[in-house]
Structures are given as C-alpha cells and as structure tokens.
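Enquirer: Sharing the record's features from TrEMBL:
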type: DOMAIN; residues: A:14-83; note: domain 'Cyclic nucleotide-binding'
type: DOMAIN; residues: A:145-226; note: domain 'HTH crp-type'
C-alpha cells in the first residue's frame, strides 16, 4: 500500500493535481516498491503493465538495439513519472542505479483512473512533453563529439535535476554547490558512451582547472558554474 | 516587384487550348509515378536502401485518421472512432520507427519530419507527443524541422499548446473553400470563424509558415466564390497556398459518390478558375510556385523557387533538398535515388506485419538510370519551368511536344526546353511528353487543370 500523506514528492509528482478523495482512490490501487541497484522495473518490449512515480533514487532508462548494445535513453529522478499509460509498448526499460523507491500501478488501473480525471490526464500530457524535452537534450548530449562536452553537460543536468524543487542556487554570491552523484565513474562512462579512463581523466582536468572540487568519489562541488556551461558547449 | 507584375499580366494572357489538355496526365509527385509500382521488388529492396542511405533524410509520418471523412478526399484515412483501432495502429507505427531507425547507418541524419494524413490532430495530443518522442529517440533527431497537416474542425487549445511545446514551425490547414454552401456540398463544414481561430492559435504557437489548401472546380462553385476564398486566405496572412483542381473520380474514390456531379464546372470553367486564381494571388503579392502553389516572398518555398532550388516530392512542391525521404505508416511512400517503395496500404495488414516485426514496404519500382534522367527533366520542367534535354530524349519527345511548341506554350533555347509563362497551365502535359510509361492507362489520372 502506498501512503500518499507521507510521500516526499507529493507536491511535485503527477498526482499533485488530485484532491484528498481522489488520492485515496489512487492510494488503494498503487503500491510502494523498493529497488536495489541493478534491479529492473519494466522489461523492454513487454506490454507496459506497470507505471510508476519515482519517490527516491535514480533510475536509468535504456533500450537494447538489435545487435545487443544497450542504449541509455535517459535518467529519471525523484518525482519523475515512468511508464506509458493509455497503451503502447514501453520502448524502454527502467533499471535502478541507486537504491530507489517507486510508487507502482498496474497500467490498466491507472488508465481507468486517469480517464476519469481530466486534471491527471492533463498532467500526463505535461509529463509526456517533459519526457520529449529530456529525450532531445539527451540526444544532443550523446551527439556531442568531445568527452569534455559530454561530461560537462551531464554534470549540469545532474545539478539541475538533483536540486530541490524551486530552489535556484545563486552562484553569483560566490557560493558553491555540492551534489552527490548517484553514479560510479564506471556508470557515468556507460551512460555517456565513454571509457572509465576518459571519465576519470576529464574529472581530474576539471578539478585542476578549478571548475569543480572532488572531496570524495561520489561528491562533486561545482565551483565555477559559468566555466562548466562554457565547457558544455 | 516588376517580375510579379509581369507575371500577372502574362497570366491574363493564359489561353485555353482544350485539345492540349484533353489527355489526363499524372501530377508527377515522383517519377516513375505510383501507377508504375509493381509487386516484384521483394522486402529486401527497402532494407538494402535504408542500410545504404547517407546524408540528410526527411521523414513522412502518416496518421490515417480523421474525426470526420470529407466526401472529396482521396487520402488513405478512416474515422478515428474506435480507441482500439487508433492505439493498434500507433503500436505498429512505434514498431516501424524502431525497425527503420536501426537499419540506418550512423552518417544518416534526420533533418525534417512531416506529419500528414488523414489529420494528425485526429489522435490525442499525448499519443502525438509520444510519437515525436519515439522519433527523436530512435533517429537521434534532436532538432529537426517539424511540419504538420491539421484539420481546423478538430483544432483545440490543447493541440496548440502541444504544437508550441514540441516546436512545430510549419502547418498546413485543409481549408478548401470558405463558402458555406460549397462546404456542405463536399461534406466539410467549417465556419470561417473556425479557420480564423485556428490561424490565430497556430500563430500564437509559433508556426511561422502556414499553408492553406484550397480548391477550384467544386460542385456549384462560382468565380465569385473562388475569389472570396482566395481574398480571405490572403487577408488571414497564409504564407503558402496550394490551389488544387477538384478531381471528380467516383469510380476510384467511392466517397465522392455523395457529391452531386451535375453542378461541377466544365473544363473551360475550370481553366478560367485556375487562371483567375493565379492572377488574383500574384496581384496579392504571392510568388507562383510550380503550377499550383503560391508563397509569400519571404517564405522558404518562395526563396527556393526564386533561387532555382525548388523540388517536387510526394507532398507537392518543396524546398526540401534531402536525397532520401522515408515514409512511415500505412500507404506511405519512401523515395531513394534508385528506388521508390510503398508501405502496405491496408492498415489491418500493416498492423499484422509489424506485430511480427516485419517492415511492410515491398510494392514499388527501381529507378533505372533512364528513369532518373527522365525524372530530372520532368522535375525541372515543373519546378523551374525549364530543363536541359539530352539529344536522345529530345528526339523521342519532340513529336509529342510539337503541338505545345506550335501553340507558343514552350520553346527551345539551345539545349533547354523552356515553358513560357503562358504555358504554366500546360506544364504537366508538357512534362508528360518525357514520360516513357505514358499510354492509354493515363486516363486514370485527373486533368492537368
């Protein structure tokens, strides 16, 4: 059973358009599921029997090409919606990169619910548009030639998506911003289509140039936002 | 604007030669035309062509659904009244997108995507955005030029919001006529206010090239009706206008049996309407494009016409220079330099084949060197009004061309054949002189005017 009252993404997620009574109905058809890194939510090619809200953690979205390569098509974060309600094939699978908590619905239940709630259907359209935006940015990122452009774009995306909602960091105050990466160096390399050596070399270079500081393997402190934007091209 | 004025004066000099328009001719949206397509290609021809494609690629995506079916329409479309039918079709389309994209080599770049139909806005906005998302993902198309055909009757605020958010900059509206009695006669009722509101919504959504499709030769249509529709179109600021002659072929398009054929304008009246339409739009400041399109001077289509880079493809006249066009969806045609091939037309069979992960394009024709040479001459005559004619083609075509040369509609300039401005309404007939497939079977086509 999901408990919407305690949900930490409640005011950002797709269900934020619903009133208390509607939430109660949604609560009854959803369930919370915790995932370990590497665990998959939806298998590619199967009917999209599940739709889900991300409550905590980070998941990668990926497809497999015919020759067996994995193509990462996006990364989802807390309050993102995963799945394809209203039919259609999923197109991609979702695999947890970190420990994750998701709120899961069967597609049939969710569809029936959404049809009766135009506000939710509208939110779903907004999410689908956001998904398109995410796809385009991702394609642009992967289409970039150099490793430095890829990594800088990726760090900027991380910074934006992991930032608490509505909070804009003011770099002009000279403040720096710490992000805890949900990825290992190897995972970043996989996602960006680079080797782990290249990723490590680029991190070291950004550190030497004073753009970031790296207090630990997972923590990144963004020191010079403008320089990172310039680097991203 | 001396050129435009000259052309307007010349248009007034269009002369009707019924005997030179007597033989119906193709529209030549491709050469060879779809009438020459056969079943002998086999499924691998398309796959091989995809695997060898390179450079810029344009996509056409066919959405064969409309909220209402108009009686005049020859498009492959049906009523979007059953959710199962639409979602089943879209599933097949998503599969096709995946199968086609994985065949394309790395060097191929999708730079344009056109959504046509039917009416793409006959499906739900969510389904449409998912389609755009799948195309972006599978073809790694992060910023293609997007265009869409729209039915004003189903154009609502949610669609305008989606057009803005998706970044569609080009739209084409099926307007046909503003006259209420003619709209009734062809089964397409859409008050002028609806077209005005749609125009305003699309402008607000960032559409900077807006086309109106209009028709002459409709049952009961008067010259005054036509003039009124053209003036309203110009005053609404359409950037492009396609002015087609209504082709009444009820033996081919069963829907047209609902249209009362008694009131159809005759051939001479049709000619007069085409001439008057041309004159009025040129006077209103539009640049004539080929034989039935018009565009404002700043529009990309007008620029292409003026710079001699205009092309012809399945959607009509275009500024698109891509050597490869891939058609997705039932009945869509793909064009490669050496191959034309059409997807399965029947949506049921299209869905069935894709449910087995099989691509459906197998009907078509290989474009031999000779076809390409003839096709280049035909395209140049229709797009630029002139073409360099190789001696061997010249020898063969001249007997057919003689009546047009004698009537002063075209003339020889060195190695070039030039269609003079008064010859414009005969352009398709003149081009047909280079069509080696042309024979009695061409009675199946509509008249050139």
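Backbone N, Cα and C define each Cβ position, glycine as well.
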Enquirer: Kindly state the mean pLDDT of the domain 'HTH crp-type' (A:145-226) in the predicted structure.
Expert: 83
Enquirer: What is the number of residues in the domain 'HTH crp-type' (A:145-226) that are helix, strand and coil, as DSSP sees it?
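Expert: With helix first, then strand, then coil, the domain 'HTH crp-type' (A:145-226) has 42 helix, 10 strand, 30 coil.
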Enquirer: When secondary structure is assigned with DSSP, how many helix, strand and coil residues does the domain 'Cyclic nucleotide-binding' (A:14-83) contain?
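Expert: Across the domain 'Cyclic nucleotide-binding' (A:14-83), the residues distribute as 14 helix, 31 strand, 25 coil.
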